[in-house]
Amino acid sequence: MEAELFEAACSGNLDALYGVVGENGSAILLKLHSWGRVDTPLHLASMFGHAEFVREYMRLSSISAHHLSQLNQDGYSPLHLASANGHLEIVNFLLKFGKQNSAVEELCMKKDKEGRSALHFAVVAGKIGVINVLLVHCPEAAMEVTLHKESVLHLAVKHHQHEVLEFLINQKLGSSVGDLLNLGDWEGNTVLHLATANRQLQTVRYLVKQPNLNVNAQNSYGLRALDIMFVYTFNSNNLHMEEAIRRAGGRRSQTETTNVQARLHHDRLNTSSCSHAEVDNNEKHEWLKELRSGILVMASVFATLTFQVALAPPGGLWQDWGPNAATSDGSDIPAYRPGQPILYGLDRFEFSLLMLINAQAFFASIATIIMSIRPFKARSQSQGWRIMEIGALLTVTLITLEFVIIVHLIAEKLLKQPIYLVSFTIWSVILCSCLISLFRKSMMYLGGTDPFGRIASSVEENFFTHPRPAAATARSPLPLARLMPSLSHAACHRMPLVVAIAIAVARLPRGSSVSF
């Protein structure tokens with residue numbers, strides 16, 4: 001009998017409900033609600049969204065408003081389950097029933113084991129329609145917090161419900177917005193702390209525009225939003241988040257222990273909602289392993305190419321003895337001999353420079369190969385990657401120079417064309433930037449320092465400066481990781497101009513000159 005009722009509630013079968021009540025009377029329904037903290041047919045029907053079944057069940061059972069707020073074994077009421085699953089019709093019906101019996105506040109304020117109300121469930125699930133209905137019937141529910149002192153705004157940010165956050169702030173919270181924006185959870189974290197930790201750029205930009213937000217609020221560990229941001233692995237959003245917070249007047253804490261506190265606070269702040277924003281350790285390991293294999297392949301190819309250039313120089317080799325030529329002491333020697341590079345006789349300086357660069361590229365490739373196959377100790381992992389980084393960058397640079405010299409020796413007129421010269425320069429910069437970005441990510445994964453930090457800071461200050469408030473000028477040297485977005489930004493905006501100038505210069509009549 002009870003089993004038939006529960007099955008009917010799960011499927012929404014009204015005929016089965018009528019059959020059970022017809023045989024046993026409505027008393028059987030009230031009996032189910034006297035069993036204490038267990039699932040009732042009302043819980044199941046509310047969870048599965050069978051609105052008609054809920055109406056008929058309540059009509060036939062004549063249950064009271066008290067029974068509507070009854071919790072099951074998991075601590076959930078029917079309103080909790082309907083709200084979490086977005087069953088708006090059922091939520092509306094339950095609230096109207098509660099209002100008729102002067103129990104709507106009891107329904108809305110009923111909390112589960114974690115101190116979460118029906119509104120909290122709707123916020124976590126992102127059910128804006130349900131949120132609206134709940135706040136219309138019980139506006140006071142917006143000020144309720146969980147056992148961890150999390151408000152509706154905390155939950156919206158933690159569970160990446162940006163639309164819910166905007167809906168609550170813009171339309172529902174009214175004069176309570178300021179209090180909830182600056183309210184700290186059990187660790188003193190405001191919504192801005194959580195949005196920064198989750199690296200939610202859109203949410204951070206939205207929050208800092210709120211006039212009532214205290215952008216420099218400190219949590220229980222004395223950390224501000226900017227302090228939290230610098231703890232986490234670099235992400236492309238970091239630079240933009242920092243700029244948004246600083247423009248709103250945000251600053252870092254001025255204590256010597258800030259970084260240590262932030263590191264200690266990292267694991268505690270990194271809750272389940274934040275953890276998916278962090279790269280998993282296994283994924284990091286796999287990524288570094290693949291990167292190492294890729295570097296090994298690249299270095300092997302470059303070593304093969306440079307070795308081939310030494311064996312068969314560009315332009316070819318003489319196959320026979322050349323005619324005798326008089327020397328300064330009056331003796332005759334052949335102008336060239338078999339096996340001598342042909343280009344050596346045309347431009348000895350450039351050819352010698354080519355061979356020198358080729359040799360350096362070969363040895364740099366070999367060194368990179370050795371570092372790639374050499375196991376790193378845990379303590380020297382960052383140092384080993386840094387050496388491999390320098391070797392790979394040096395190899396790429398030397399190979400690029402070697403290519404330019406070879407083209408100049410073989411087709412000198414071609415390289416003198418501005419369009420080709422600009423193209424070589426652009427692609428060289430792009431190639432090096434990509435490689436630096438790749439190794440910057442590996443160093444961030446390993447927790448090592450960036451050897452290019454000061455250079456990056458100097459370059460950004462001189463070439464990629466953006467309007468910043470006075471508070472932004474007194475900051476630590478910018479790591480290369482935060483320079484890369486500036487490089488990308490500058491490249492995207494200036495590359496078309498460079499290409500246009502190069503094309504215009506290439507089309508000038510011969511003999512013309514251009515001054516910049």
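Glycine is treated like the rest: Cβ placed from N, Cα and C.
Straight from TrEMBL, the features:
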- 286-397: domain 'PGG' (DOMAIN)
- 74-106: repeat 'ANK' (REPEAT)
- 114-135: repeat 'ANK' (REPEAT)
- 351-370: transmembrane segment (TRANSMEM)
- 390-411: transmembrane segment (TRANSMEM)
- 417-439: transmembrane segment (TRANSMEM)
Quick one: mean pLDDT on the repeat 'ANK' (114-135)?
-> 95
Per-state residue totals over the repeat 'ANK' (114-135) - DSSP helix, strand, coil | 16 helix, 0 strand, 6 coil
Looking only at the repeat 'ANK' (74-106), what are its DSSP counts of helix, strand and coil residues?
-> 23 helix, 0 strand, 10 coil
